[in-house]
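Asker: This structure is in structure tokens; I'll ask about it shortly.
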Amino acid sequence: MSETYPLQRESEFSWRIEPTGKMRVPGIIYADEELIRAMDDKVFEQLCNVAGLPGIVQAAYAMPDAHWGYGFPIGGVAAFDADQGGVVSAGGVGFDISCGVRALRTGLTIDEIEPVKKQLADALFRQIPVGVGSTGRIHLNDKGMTAMLRGGARWAVEQGFGEMEDLQHIEEKGCMAGAVPDEVSARARKRQQDEMGTLGSGNHYLEVQRVAQIYDQRIATAFGLRENDVIVFIHCGSRGLGHQIGTEFLKYMVLAASQHGIELPDRELACAPINSELGQAYLGAMRAGINCALANRQIITHLTRQVFADVLPKADLTLLFDVSHNTCKVETHLVDGRKRKLYVHRKGATRAFGPGNPDLPETLRAIGQPVLIGGSMGTESHILAGSEKGTELSFNSACHGAGRAMSRHQATKLWKGRSVVDELADRGIIIRSPSMRGVAEEAPGAYKDVRAVVDAAEKAGLAHKVARVEPHVCIKG
DNA sequence: ATGTTC
């Protein structure tokens, strides 16, 4: 338990830090006691800093998987009102803009995969570029880049990557409105021109998984999931482009803070008023970054379909959903009984719209949004559904994954990549990666227990558990 | 996360 921060237990799964000093609103953390005990005090410090930013509404929130991040905690949620001096923060979105997870049904069961599992792993590893600085077969000139940044997954489908039907099951229908490609620098564009349709590195991956357990039969049926079904999880983001946008705007926001009359408790919290030239420029660039990530996952989906068509011609890959967990989005939420338009930052936090939300496609509106929670390599992942009361609890946000339990450096001292691969192979999990060091850094033991995180999110009321899935093939950055 | 330090 934190020595420094006075955490009041509000309920079994929620904890509160009352506003003191420069805090404008309380900090609220959703977690069980064990997760709270394991949280670094840095999370609480960063949450209190966020709670002091201009125009913040209701509370600064931390999800059960929260850990220390750049400025904002990863697993942090904060909403701002533009009319009350609210700000937008590059550090509140994160460097990998619109990093997220997409889930595909395959129409196959595990029995059909087993005989060709190795062949499938090799073909996916061959066809989907992965690793630091990986490039693909798509090369965009400046005009093509502008079209991609404006159109997102819709652009990708128009280029022949996937089906129009896919767009219904992507946040923003696959195309983030309000993107301003002109706000994306030449350098960011250059970094991305050969990187479309690539997975990247770090914790990014493509997994072939089996639905191992159904928690909610009604919702699972609505999501088209049955036990032993094979699905695919794709976890990646906006590659070099998002990182470059984040780096540049962070610098501009630090430089402009004093002009905007913003006093920063931590320069990593750099932000700009939503109603300022810089705030609007960032929002335009960040939304273009969102489109880049949506297009990237759409192209990877197309490559995945091609591989399955070769190896398992019977497969029919359909999109369950695509969620982003590093964004700032304008949404309407009920605050103190009043509907307000808010700029909701989610950094390492998944949007989790509940049943009835008008932004959900018709097929899911009565059910709630699929919430895709990727575990670490070699461990289980989870599919949840957004809850009705999520709007008042966390502006409809939930956890995004297991969260690291130790640094990458520490992990490489404890594990060797080759032995991690061998141990997972013994358990029937095939890993393919260009980097054994990357594999060591991502060893399952270097992460928290994703099930504890998901259970805490459910018990706090943020989302509802639907299914647990286990990995069989993992293509790893 | 990231052309893993412009």
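Here, residue 1 is simply the first one shown, and the rest follow in order.
Note that Cβ sites are derived from N, Cα and C of the backbone, with glycine treated the same way.
Curation does not apply to TrEMBL; its annotations are automatic.
For A:ASP96, A:HIS204, the entry in TrEMBL reads Mn(2+) 1 binding site. According to TrEMBL, the GMP binding site annotation covers A:203-207, A:325-326, A:374-377, A:SER381, A:400-403, A:LYS476. The Mn(2+) 2 binding site feature in TrEMBL is assigned to A:HIS235, A:HIS325. Marked as active site, GMP-histidine intermediate by TrEMBL: A:HIS400.
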Asker: Can you name the residues of this chain that are 6 or more positions from A:HIS400 (GMP binding site) yet have a C-beta less than 8 Å from its C-beta?
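Answerer: Listed in sequence order: A:MET63, A:ASP65, A:GLY75, A:VAL101, A:HIS325, A:GLY348, A:ALA349, A:THR350, A:ILE373, A:GLY374.
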Asker: Taking only same-chain residues 6+ apart in sequence, whose CB is under 8 Å from that of A:ASN326 (GMP binding site), what do you get?
Answerer: A:VAL93, A:GLY94, A:ASP96, A:ILE97, A:SER98, A:CYS99, A:GLY100, A:GLY237, A:GLY242, A:ARG346, A:LYS347, A:GLY348
Asker: Can you tell me the three-state DSSP label for A:ASN203 (GMP binding site)?
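Answerer: Coil, per DSSP.
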Asker: Please work out the number of neighbouring Cβ atoms within 10 Å of the Cβ of A:ASN203 (GMP binding site), leaving out its own Cβ.
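Answerer: 22, counting other Cβ atoms within 10 Å of A:ASN203 (GMP binding site).
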Asker: In DSSP terms, helix, strand or coil for A:HIS235 (Mn(2+) 2 binding site)?
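Answerer: Note: A:HIS235 (Mn(2+) 2 binding site) is in a strand by DSSP.
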Asker: Same chain only, sequence gap of 6 or more: which residues have a CB within under 8 Å of the CB of A:LEU206 (GMP binding site)?
Answerer: A:LEU124, A:ILE128, A:VAL130, A:LEU199, A:VAL232, A:PHE233, A:ILE234, A:HIS235, A:ILE300, A:THR304, A:CYS474, A:ILE475
Asker: State the Cα to Cα distance, in Å, between A:GLY403 (GMP binding site) and A:HIS204 (Mn(2+) 1 binding site), rounded to an integer.
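Answerer: Cα-Cα distance, A:GLY403 (GMP binding site) to A:HIS204 (Mn(2+) 1 binding site): 13 Å.
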Asker: If you skip the near sequence neighbours and keep only those at least six away, which residues in the chain come within under 8 angstroms of A:HIS204 (Mn(2+) 1 binding site), Cβ to Cβ?
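Answerer: Looking at Cβ-Cβ distances below 8 Å from A:HIS204 (Mn(2+) 1 binding site), excluding near sequence neighbours, one finds A:CYS99, A:VAL130, A:HIS235, A:CYS236, A:GLY237, A:LYS476, A:GLY477.
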Asker: What residues, ordered by sequence, lie under 8 A Cβ-to-Cβ from A:SER376 (GMP binding site) and sit at least six positions away in the same chain?
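Answerer: Within the chain, A:SER376 (GMP binding site) has Cβ neighbours under 8 Å at A:ASN203, A:GLY401, A:ALA402, A:GLU442, A:PRO444, A:ALA446, A:TYR447, A:VAL450.
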